[in-house]
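Per Swiss-Prot, these features apply:
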BINDING   A3, V4, H5, F6, G7, A8, G9, N10, I11, G12, R13, G14  NAD(+) binding site
Amino acid sequence: MKAVHFGAGNIGRGFIGKLLSDANVAVTFADIDKPLVDQLSHDQSYKVKVVGSQCQVDTVTHVTAVNSASQDVIDRIVHTDLVTTAVGPNVLDIIAKTIATGLAQRFEANNEKSLNIIACENMVRGTTHLKNEVYKHLDEQYHARADALVGFVDSAVDRIVPPSEAANDPLEVTVESFSEWIVDKQQFKGDIPVIEGMEMTDNLMAFVERKLFTLNTGHIMTAYLGALKGHETVRDAIEDNEIREQVKAAMQESGEVLIKRYGFDREVHNAYIEKILGRFANPYLRDEIDRVGRQPIRKLGENDRLIKPLLGTIEYGTENKTLLKGIAAAFMYTNESDPQAVELQTSLKEQGLRPTLAHYTGIDADSKEAKTIETIFLQLS
């Protein structure tokens, strides 16, 4: 079995690429980073350091790489069995045109085998979004064949993969031992590939929101509250008892939405929260606050990790005071090397908190929640 994986970064190599390779899938990474592509195609292997209560170094083999802007990647799409991505939500729209070109040439080559495409991104229904973008670039004459032969499979992914510290080996990547990759089994075309570590569900949104409202919400709360107190890493921040209690409270607030929406068992979900708090405190992972907190505008989107759970608490009339504090802390985040953080701070200076909040999150500037966020923001300032 062959796969083309877009994104040869740390998550691509340390998570999806590794799971595919471990399942004896021949993986071709596609990336724009020429030195990375050159080294991967030369070495055809790399090391993954898995850290937790026990540490081990695994070697991933039988991989290669091509430039994602080249004809090579189009040729691979023509003949592959699977396409996966780990490029970040902002890049999906860019690679959509490449995938569309590959599909058109695949159909012209009369390849009638089914193909499944799975976007492994931190976004809700990311593959469905990718499908819509691909179809914009795919000539209408191919749409019926794509509908019949190409499965666009949504997924939920969870693994903490910080930047690697192996300066002597740029391909080596460090990952936590925990990983979760859940896919919507109803969206596959043809045979569903058997890949250990890829779990099937027919209720994907429950898992997507469980991860978004817990891991992602907790992670970003830790980052923004940690930044306020001058912490440099997620572990430093979560070992601050005051922050830990607030992060836990925020995850419980978002968890109440999940319990009401999907009928999750409260005890089981509380255990999931505790497990995530333990992952944040992993002493073997150096996860920088600025890595987690970057791109605050994206992370303040109405379908992302702070606003979506907040909207759920409004829908169900449940507690949200800690989530509101996290949102206020997001507007306090500064990072001169992050264009989104700079843009957000510029808007705050020019427009003030509530107009900026309304513009970037969609929350009504005159709502009770907006006024509370403003009050907390002024207290934090």
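Note that Cβ sites are derived from N, Cα and C of the backbone, with glycine treated the same way.
In sequence order, D31, A86, V87 are the residues near G9 (NAD(+) binding site), counting only same-chain partners six or more apart with C-beta under 8 A. Secondary structure at H5 (NAD(+) binding site), taken from DSSP and collapsed to helix, strand or coil, is strand.
Ranking the binding-site residues H5, R13 by C-beta neighbours within 10 Å puts R13 at the top.
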